[in-house]
Amino acid sequence: MAAQPPTGIRLSALCPKFLHTNSTSHTWPFSAVAELIDNAYDPDVNAKQIWIDKTVISDHICLTFTDNGNGMTADKLHKMLSFGFSDKVTMNGHVPVGLYGNGFKSGSMRLGKDAMVFTKNGETMSVGFLSQTYLEVIKAEHVVVPIVTFNKHRQMINLTESKASLAAILEHSLFSTEQKLLAELNAIMGKKGTRIIIWNLRSYKNATEFDFEKDKYDIRIPEDLDETAGRKGYKKQERMDQIAPESDYSLRAYCSILYLKPRMQIIIRGQKVKTQLVSKSLAYIERDVYRPKFLTRTVRITFGFNCRNKDHYGIMMYHKNRLIKAYEKVGCQLKANNMGVGVVGIIECNFLKPTHNKQDFDYTNEYRLTILALGEKLNDYWNEMKVKKNAEYPVNLPVEDIQKRPDQTWVQCDACLKWRKLPDGIDQLPEKWYCSNNPDPQFRNCEVPEEPEDEDLVHPTYEKTYKKTSKERFRIRQPEILPRILPQINPELLYQTSVSSQSFSPVKESVPRPHLSEVTSPFAARIINLNLASPASEPENSSMKRKLGVHSSILNAKTRRLSNPPVENSSYKNDDDEDVIILEENSTPKPAVDLEVKSDIEVKSEQSHTEQSGIHVDLVSSPKPCVQASSTSTSTSRSDPGITVSTQTDAPGLTVKKEESMEEDMGVRNGTATLSCVGTEAKVQETSAESVDATSHQLQELRSELLVVTQERDDYKRQCQMFTDQIQVLQQRLLEMNDKCVKKEKCHQSTETDAVFLLDSVNGQAESLDHLGSQYQQALQEIERLKRQCSALQQVKSECSQASCTESKSEVDEMAVQLDDVFRQLDKCTIERDQYKNEVQLLEIEKSHIHSQCEELQTEVEQLKSTGQQAAADGSTASNAEEPVSYVDGESLKLRSLRVNVGQLLAMIVPDLDLQQVNYDVDVVDEILGQVVEQMSEISST
């Protein structure tokens, strides 16, 4: 029956089976261990160290977790053993990891069936018992947690509750007496701390799920036994097709990366875990910035290469300084092409929500967008580093195989737990490192705060030149794609017909719009855009044409619908250097009233505009018309007596001739580019006077656009002239260098092209394309020959300079090496001196402490002697002889126990002292103590 409060409304019951059900959220055992580590890390406990060990108690293998944090009161321990109580808050910038008040229950019950918690906070000491075995034995219907509380003098508080809880603990736990419980409390060093003991560990094939034998300083997950392949390493479920990193099966490796910036030391089986600043222990470190739309701030992403193992790569995703997902592959790393190998990314996703086992994030839209953005950022970093490093190391090794070292070396002080940056070249560090060992005098004191990090969250630390060059390369290679994709375009995608309403013609008119940009070569013209017009989709006062870009000129004409295979453009059929981008817009039918005026005026205006800009347009009718459209469309158009728009289209050739004259000193002749397009005819019966204003407005816009294009063409001409002058200056300098370095060679041969060029220029004849091509090839050959001569001269010059400077360089190098050795020895001596100073200081402190203890013991011995003598004197004068004897015996017993303690203390100071041969009933120990005190006083005075 569930408990009933005074109001009579029942409380919800919690079945003991829920302890096991709740623990199944941890499919990976190390995630349960991490929950217990998080409890010691959180700011309410704020432990500096946590010890994780394996021990045996009453023939049971146990896991122990001991920390030196703030401990807990009995009430706080009760909330910890209950469900959903979490009052953790941020303290001094330390953000808690725990969110749900469920970590200890799920983690401890995942590792074993029974757990005991020992804690003390300086005032009280408490013992709590959470056990599935105990609840099964007593057949409990609710979760029951016995808790015993002691005061500083080891006396129980709240006797009624504590006695019942103590009886349950002594009967059903590994500790059968109260003294054993107090001994575990004494195992907590210091006045505050917590100790957790877990037993009845989860088993797998008649053994625990942990391997304690392979590495005596680690806790590992054993290898899987495969019947066909033998033993194979453990892998997490999501990494079955990948190389498993060591953190998947080694608790020591997992704890080293568990926190983005560790604030606590973790000691596993007696050996400290070498925690690392994950974002600082990479090579070729660069930072990028992620600007999500669902956040008002930016997020920093750190990229770098793994220096230890290139097969361990991916994104390390942290939440509030705690690792959630490790080595998550994104972007190009998901492809089987060895891209992104060795690249590690670090991001702190405080804006995402982790699952309650803290091993994944909720699969929300924000998470998907973040993963997508991480993939793009990683691709940028990979492409940039691949180009940069392959240029720096021109060898056959890819960038992921180049030997790398971390960009920076950081170490954590064992006293203040602050992170300090070390200079380059320090490889070996002592087992315990303190701020006083820092070569940098600015950070040689534990009181000095940590070195500030780069807080620029707006700009990346590297320029993405690869992306810029890729865009530029695509822009340059754009003309190469047009001839290849133009024959493959399905005409049904370009020319689609639609059925209109009864009051409109069943036709959509398409208008091809070839945009002629500036001609970058005298042998080719370039098509930029091909659009389908939408006459009815825009207001009447606006132009039917799309706004032109700054770099293009326009040539538009009205066409009728083509319903059969597309017209092939022979001028681009064999051109491999050009490109076209086809943009298709759906158009809606419109009454044909406006079409005649608009089409006629557009053709005329474009002809006049092109004549002004130097472009000649000739309309040449094709001898063969295009294939007729379907009879259905034709008959439908004829059924309307008021409006008739024919769907039959002819294919006249529209020849565009553009001639540009370049300056004579450039050596470039006039080139002719011919472009054939689809001509159009629009037959209409009525015209509208209202469309004249709209057409004039269109003409005005076209004139302004043509003026802009003409101005830009003139600008490009001026730039071309400037670049030509620069090329001539460079060629002149190159010739002067050749004249200085080699003897002049006279060539009595003349080239035929020069003569032909002069003859044609005199006669006013234009050169053919073949002549221009041959001249261009000869110019290229001449440039290559000059380049080879220049490189040969440079090589000769460099060899001469190397031969003269080799001896001097060798001497300078030897001196530099010697000087470097001297500085290294000096640094080493300085470090050793500081270490010795620290050891001397520690020894002096220990010596003074021992001296004070000796003095206290000596005074106590003297007091006991005086009381003993006084008691003996009083006993001799008393009438009854038996009572003083017993009193003296009690004093002598205290004196003997005190001498035993003094003897143990003296054995630590005097190693040669054999306590087994010492008689504690006489004053031998007192004399030895006096001698040691005299020697210590003499040493301190000297």
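Cβ coordinates are placed from backbone N, Cα and C, and glycine is handled just like the others.
Of the residues Ser563, Ser571, Ser613, Ser879, Swiss-Prot records the annotation phosphoserine for Ser563. Zn(2+) is bound by Cys413, Cys416, Cys435 in Swiss-Prot, and the record lists one more residue there from Cys349, Cys446, which is Cys446. Between the stretches 200-250, 404-454, Swiss-Prot puts its zinc finger entry on 404-454. Less than 8 angstroms from the CB of Lys205 (SUMO2 cross-link) sits no same-chain residue that is six or more residues away.
Ranking the recorded sites Lys191, Lys293, Lys797 by how many other Cβ atoms lie within 10 angstroms of each Cβ puts Lys293 at the bottom. Between Lys797 (SUMO2 cross-link) and Lys293 (SUMO2 cross-link), the C-alpha separation comes to 58 Å. Between the alpha carbons (Cα) of Lys191 (SUMO2 cross-link) and Lys293 (SUMO2 cross-link) lies a span of roughly 50 Å.
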